[in-house]
Amino acid sequence: NLLQFEMMILKMAGRSGIRWYSDYGCYCGKGGHGQPQDATDRCCFVHDCCYGKVSGCDPKDEFYKYSSDNNDIVCGGNNPCLKEICECDRDAAICFRDNLSTYNNKYWNVPSETCQVESEPC
């Protein structure tokens, strides 16, 4: 769920997902449309696509099982749908960590018209 995703981002990227990624580029935050603005925004695009492929449970509300050890997150549990959500969140948190250097304040709260071009397929 979103709280677990926030905790993964804190663990992997060392920063708050709510503070840093809730309104970034065209894909980080609510909705998503247009072209990803940079590698960080692409993390959110891929995360949105990943959530879009999940069926049978709600990515934003369901609790999943995971453990974290050192700098790694391991998704667990017997429910395949919940494990998929966990893997979407884990991969995005790792992507944020790996692309910290691309984060650019100019993409915070971008005007909606910036994101009106046609979206690329997942």
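Counting starts with 1 at the first residue shown.
Including glycine, each Cβ sits where the backbone N, Cα and C put it.
As annotated by Swiss-Prot, active site applies to His47 (among others). Under the three-state DSSP scheme, His47 (active site) falls in the helix class. The Cβ of His47 (active site) lies under 8 Å from the Cβ of Tyr27, Cys88, Asp89, Asp91, Ala92, Cys95, each of which sits 6+ residues away along the same chain.
Residues or ranges marked as active site by Swiss-Prot on the basis of similarity to another entry: Asp89 (among others).
Under the three-state DSSP scheme, Gly31 (Ca(2+) binding site) falls in the coil class. Per Swiss-Prot, Ca(2+) binding site is recorded for Tyr27, Gly29, Gly31, Asp48.
Taken from Swiss-Prot, the feature disulfide bond applies to Cys26-Cys115 (among others), supported by similarity to another entry. Take the CB of Cys115 (disulfide bond) and look out to 10 A: across all protein chains shown you find 19 other CB atoms.
Sequence-distant contacts of Cys28 (disulfide bond), defined as residues of its own chain at least six apart whose C-beta falls under 8 angstroms from its C-beta, comprise Tyr21, Ser22, Thr40, Asp41, Cys43, Cys44. As annotated by Swiss-Prot, disulfide bond applies to Cys28-Cys44 (among others).
Feature annotation from Swiss-Prot assigns disulfide bond to Cys43-Cys95 (among others); the stated evidence is similarity to another entry. Packing around Cys43 (disulfide bond) is summarised by its Cβ count: 27 other Cβ atoms lie within 10 angstroms of its Cβ, all protein chains included.
As annotated by Swiss-Prot, disulfide bond applies to Cys49-Cys122 (among others), with the evidence given as similarity to another entry. The Cβ of Cys122 (disulfide bond) has 10 other Cβ atoms within 10 Å, all protein chains considered. Reduced to three states, the DSSP call for Cys122 (disulfide bond) is coil.
When secondary structure is read from DSSP and collapsed to three states, Cys88 (disulfide bond) falls in the helix class. If you look up Swiss-Prot, you'll see Cys50-Cys88 (among others) marked as disulfide bond.
Positions annotated as disulfide bond by Swiss-Prot: Cys57-Cys81 (among others). The number of other Cβ atoms within 10 Å of the Cβ belonging to Cys57 (disulfide bond), over all protein chains shown, comes to 14.
Cys75 (disulfide bond) falls within a strand when secondary structure is assigned with DSSP. If you draw a 10 Å sphere around the CB of Cys75 (disulfide bond), it holds 19 other CB atoms from the protein chains shown. Residues or ranges marked as disulfide bond in Swiss-Prot: Cys75-Cys86 (among others).
Here the C-alpha separation of Asp48 (Ca(2+) binding site) and Cys86 (disulfide bond) works out to 13 Å. Around Cys50 (disulfide bond), the same-chain residues at least 6 positions away in sequence with a Cβ under 8 Å from its Cβ are Glu84, Glu87, Cys88, Asp91, Ala92.
Surrounding the centroid of the Cβ atoms of Tyr27, Gly29, Gly31, Asp48, where the record places Ca(2+), the chain contributes additional residues within 8 Å, namely Cys26, Cys28, Lys30, Gly32, His33, Cys44, Phe45. Around the Cβ of Asp89 (active site), 28 further Cβ atoms fall within 10 Å across all displayed protein chains.
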